[in-house]
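K.L.:
Questions regarding the structure given below will be posed in turn.
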């Protein structure tokens with residue numbers, strides 16, 4: 001990591017050239033780290049949450065288009081013919097802008113930012129805490145053991161944080177999938193969405209699709225963190241001198257790959273979310289998998305996947321931006337990969 005003096009001398013361009021790879025969080029459970037900086041945990045949360053909030057707001061229009069394409073076969077207004085189907089990414093962008101207004105691209109973004117701050121922050125913060133419970137292996141001499149440790153720590157961190165923020169993720173999906181305009185909107189905002197769904201189906205209605213979400217989050221986060229940390233250890237001899245754009249390219253490939261791999265799980269959970277508090281289209285997770293495959297074909301599990309790849313640019317940006325923010329907050333922190 002750069003020292004405070006070097007940071008002041010180098011400026012932003014020097015920081016980007018000399019930055020360490022990606023989201024390197026400290027081993028918060030390590031006595032050495034916590035004694036050196038008792039605020040390391042708080043700084044971890046602040047850096048990860050800030051980076052996530054910025055990137056999510058930037059890619060919110062792509063996120064909403066992805067959700068509309070992904071859930072339209074479970075959207076009552078579209079299924080009834082009240083609102084015509086979207087035929088693709090471009091068609092969705094054009095119609096949403098003309099029918100609902102440009103500002104509607106950010107429907108559900110508040111819930112997403114509120115959700116994403118603790119989700120991403122806890123993912124990054126607890127990943128290395130969990131990883132600290134496992135033996136440490138070198139990516140050069142014990143590649144597969146190193147890979148498995150990173151895969152497990154990333155997956156467990158994501159699954160744990162999901163339990164806390166799932167109602168916000170649920171609300172984000174329902175708000176983004178609301179194709180009404182003006183008085184025809186189903187929900188007017190985050191609080192209205194949560195209160196109406198609870199009134200219709202009880203508190204557990206906010207956890208529709210949670211089971212398959214846990215499966216998907218383990219697959220996604222496991223690949224997201226595990227592959228990224230593994231790629232860093234294998235591709236970069238000195239992480240501290242890694243090129244900014246090289247970091248971004250690796251992060252982009254990881255987020256795209258992890259997103260496609262876990263996308264069918266995401267489609268199923270979104271479909272289950274859409275029926276909460278209303279008419280039931282599926283009797284459960286297995287029934288949803290079966291009906292989508294039989295009635296719409298396997299490609300239906302990947303509706304909106306291309307939008308998800310584009311949105312992945314924001315995820316890759318988070319991985320790189322996180323480290324830059326963390327170094328600004330805590331210039332003397334030591335990268336976990338360098339220990």
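Keep in mind that glycine also has a Cβ here, set from the backbone N, Cα and C atoms.
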K.L.:
According to Swiss-Prot, which of these ranges is transmembrane segment: 81-101, 144-164, 165-185?
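P.N.:
Going through 81-101, 144-164, 165-185 one by one, Swiss-Prot flags 144-164 as transmembrane segment.
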K.L.:
Write down the single range among 269-274, 275-280, 281-286 that appears in Swiss-Prot as motif 'Nucleotide carrier signature motif'.
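P.N.:
Of 269-274, 275-280, 281-286, Swiss-Prot gives motif 'Nucleotide carrier signature motif' for 269-274.
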K.L.:
Short question: which residues 6 or more past the ends of the transmembrane segment (212-232) have a Cβ under 8 Å from it?
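P.N.:
The answer is 21-23, 123, 127, 139, 143, 146-148, 150-159, 162, 166, 169, 239, 242, 250-251, 253-255, 257-259, 261-262, 265-266, 268-269, 272, 285, 288, 315, 319, 337.
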K.L.:
By a Cβ-Cβ criterion of under 8 Å, what residues six or more beyond either terminus of the transmembrane segment (144-164) are in contact with it?
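P.N.:
The answer is 118-119, 122-124, 126-128, 130-131, 134-138, 210, 213-214, 217-227, 229-230, 233.
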K.L.:
Report the DSSP secondary-structure composition of the region 'Important for transport activity' (269-274) as helix, strand and coil residue counts.
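P.N.:
Going by DSSP assignments, the region 'Important for transport activity' (269-274) contains 6 helix, 0 strand, 0 coil.
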K.L.:
Once the DSSP letters are reduced so that anything not helix or strand counts as coil, what is residue 115 (ADP binding site)?
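P.N.:
Reduced to three states, the DSSP call for residue 115 (ADP binding site) is helix.
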